[in-house]
Amino acid sequence: MKKVIVIHTGGTISMHVNFESGAVVPGDSNPLTSEIDKLMEYADIHEIEAFNYPSPHMTPTEMLTLKNIIEQQLAEKEVAGFVITHGTDTLEETAYFLDLTIKSNVPIILTGAMRSSNEIGADGVYNLLSAVRVANSQHAIGKGVLVVMNDEIHTAQNVTKTSTSNVSTFQSPQYGPIGLITKTAIHFHHSPIRHETYDVKDIKKRVALLKVYAGMDVDLLMHVANNKYDGVVLEGLGQGNVPPAIVPGIQQLMNQHIPIVLVSRCYNGIAQPVYGYEGGGKMLEDMGVLFAHGLSGQKARLKLLIGLSDSRMTHTPSAIFEH
Ligand SMILES: NC(=O)C[C@H](N)C(=O)O
């Protein structure tokens, strides 16, 4: 039977509800571990307890540790695929981090749960089973890092958490899932067309993400300029525009050679340099602001961080966002 390595990192999928306080909390032991026997008929499963963190506690440092664990396992033994159990709040960021940093074709699947292990309708074990089946599927090879929840398969690049509590929270706005899971089969109906990776050994850079809003002042951008950030992503308005009041801050960052990437706070469509008015995307492009081809704010931030952290140091900020 093919070997699938399940790496636990924490999240609601590994938590339980304390019925006295009503709070969902992590416990001393992972409730998933006692369920693994049920999944053994699908694959030869080996478990690694990497962390037991709620996912808001995850940082790029833990993401890098996960990348190193996966690469070490690949170097040591033959593995059909990996499943990472993860909290849903930052799951899409860990997925995209691994997608941008791991070169292997072996399936790497992230999954989680919206209801903890002892709640009615708990979705964790079911999602874990689905993820193991996808990790073991021939058709998942070479598709990059994937997210499996609620019978759907999404790419790391496009997936995002869309609901605070619904079990169908993970969606890929504008693109949709690339596959579906039924009782008997794994169906892929799309394939990602390119997979770029960077060579990252450590993460020392700092990249900020700021959401733009009507009436925004320049002081937040000045703070970024004065506090040694290595880059900024602005989640701009509409097609990619900002209020005129923050343009001097953008100019200040440009003068300090701090790259700025502009995405849209709309979750459909792609930010592009269209408008020529003060603060419009065309003016921003002429000032040197980069565009991220439809990535969300949090994904563009990770891409800039990872691109700037490439140990070969061959990527200029504009080369990182070429595609
Ligand atoms: N459903 C979840 O996993 C949410 C939880 N707060 C986490 O991300 O760890």
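Even glycines carry a Cβ here, placed using N, Cα and C.
Taken from TrEMBL, the feature domain 'L-asparaginase N-terminal' applies to 3-193.
In three-state terms derived from DSSP, Thr12 (active site, O-isoaspartyl threonine intermediate) belongs to a helical segment. In the shown protein chains, 26 other C-beta atoms lie within 10 A of the C-beta of Thr12 (active site, O-isoaspartyl threonine intermediate). Sequence annotations record features per position, and here TrEMBL assigns active site, O-isoaspartyl threonine intermediate to Thr12.
Among the features that TrEMBL reports, active site is placed at Thr12 (among others).
Residues annotated as substrate binding site in TrEMBL: Ser55, Thr88, Asp89. Asp89 (substrate binding site) falls within neither a helix nor a strand when secondary structure is assigned with DSSP, and so counts as coil. For Asp89 (substrate binding site), applying a Cβ distance below 8 Å and a minimum sequence separation of six or more within one chain yields Gly11, Pro54, Ser55, Pro56, Lys161.
Proximity of Thr88 (substrate binding site) to non-local residues of its own chain (separation of 6 or more, Cβ distance below 8 Å) is seen for Gly11, Thr12, Ser55, Gly112, Ala113, Met114, Met149, Lys161, Thr169, Phe170, given in sequence order. The active site feature in TrEMBL is assigned to Thr88 (among others).
For 206-313, the entry in TrEMBL reads domain 'Asparaginase/glutaminase C-terminal'.
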- Query: With every protein chain in view, how many other Cβ atoms are within 10 Å of the Cβ of Ser55 (substrate binding site)?
  - Reply: 23
- Message: Over the span of the domain 'Asparaginase/glutaminase C-terminal' (206-313), how high is the average pLDDT in this prediction?
- Response: 97
- Helix, strand, coil: count each for the residues of the domain 'Asparaginase/glutaminase C-terminal' (206-313), based on DSSP. 40 helix, 21 strand, 47 coil
- Message: Taking DSSP as the reference, which of helix, strand or coil describes Ser55 (substrate binding site)?
- Response: helix
